[in-house]
Amino acid sequence: EVNGSFYQPSAFFMMGIPGLEAFHPWISIPFCALYLIALSGNCMILFIIKKTQSLHEPMYYFLSMLAVTDLGLVFCTLPTTLGIFWFNMRRIGFDACLTQMYFIHILSFIESSVLLAMAFDRFIAISHPLRHPSILTKTTVMKIGLAIIVRGMVSLLPIPFLLKRLTYCGKTELSHSFCFHSDIMNLACADIKVNVFYGMIILLSTVGMDFIFIVLSYILIIKTVVSLATKEECLKALNTCVSHICAVLVFFIPMIGLSMIHRFGKNVPPLVNTLVAYTYLIIPPALNPIIYSIKSSHIREALLRALWKKSE
């Protein structure tokens, strides 16, 4: 407590799954499985791409960025989620919560931007296959990756400071087992219009714009594919996009759902809010490596070669 009118809690208390607290040790089993799949799957993707020379091309460089981002999300949420399920460790320091929130949102924004870069890569590969290597060189891909990171860090930098300036009421219980901007903001008893406005502007100008450009990319891809001579060529071109489309849906559907719940779903049951949040942050890192391993014959073949060498 700094003075009579300003109060900042020393810590917040996180929630597990409301109404199912007695079953947390059992519920932790599928969560552990998802985290293990996410960790092993994304590490495997990175290892295969690094070791396989034929995969050193833009599509797989962007896939590496996606895998690193997914690993980051796993490491951000795993300690607090399993801490609650295993040891009922609900307390998190105020500054630690802001730090976790900052990195969760940065990584989410980076994942959105990487998915946009992958859509651009697919558009160039299908529309200008001969010029693809000269347009997306290794240097260009590195510059895109750096721009994605800088955009995420700079756009979200004011958020922790906007939260620290607020006066908080007696409530210190968060809705999830990790920290979200809107969740912390709603515990304040001060005017949060600036936080709401800035959060909305940043969300629309980053993730919102990414989603719009991804849709536009696929409209242009479909337009190009339709103009191809044969049905076989058309299907072959579209087949290269299937894994990316799945990754986009897996990421954006829960994210849009969670954003809608936080802003307009005051009457939504807490259990629904919690499950959507877990789906948004845990499912994509676990599913992305599976999607790309199943749909990408190059990754599948490289994985089989690596396993074959180990068995010899």
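The first residue you see is number 1, and the count goes up from there.
Cβ atoms here come from the backbone N, Cα and C positions, even for glycine.
Per TrEMBL, the feature transmembrane segment maps to 23-49, 61-87, 99-120, 141-163, 196-221, 242-263, 275-294. Here TrEMBL flags 41-292 as domain 'G-protein coupled receptors family 1 profile'.
Here the listed stretches are 61-87, 196-221, 242-263, 275-294, and the one with the most C-beta pairs under 8 angstroms to the transmembrane segment (23-49) is 61-87. Most Cβ pairs under 8 Å with the transmembrane segment (61-87) belong to 275-294, among the candidate stretches 141-163, 242-263, 275-294.
Here the transmembrane segment (242-263) has long-range neighbours at 66, 108, 111-112, 115, 118-119, 122, 180, 182-183, 203, 207, 211, 214, 218, 272-273, 276-277, 279-280, 283-284, 287-288, 291-292, 294-296, meaning same-chain residues at least 6 beyond its ends whose C-beta is under 8 angstroms from one of its own.
Mean predicted confidence for the domain 'G-protein coupled receptors family 1 profile' (41-292): the pLDDT average there is 91.
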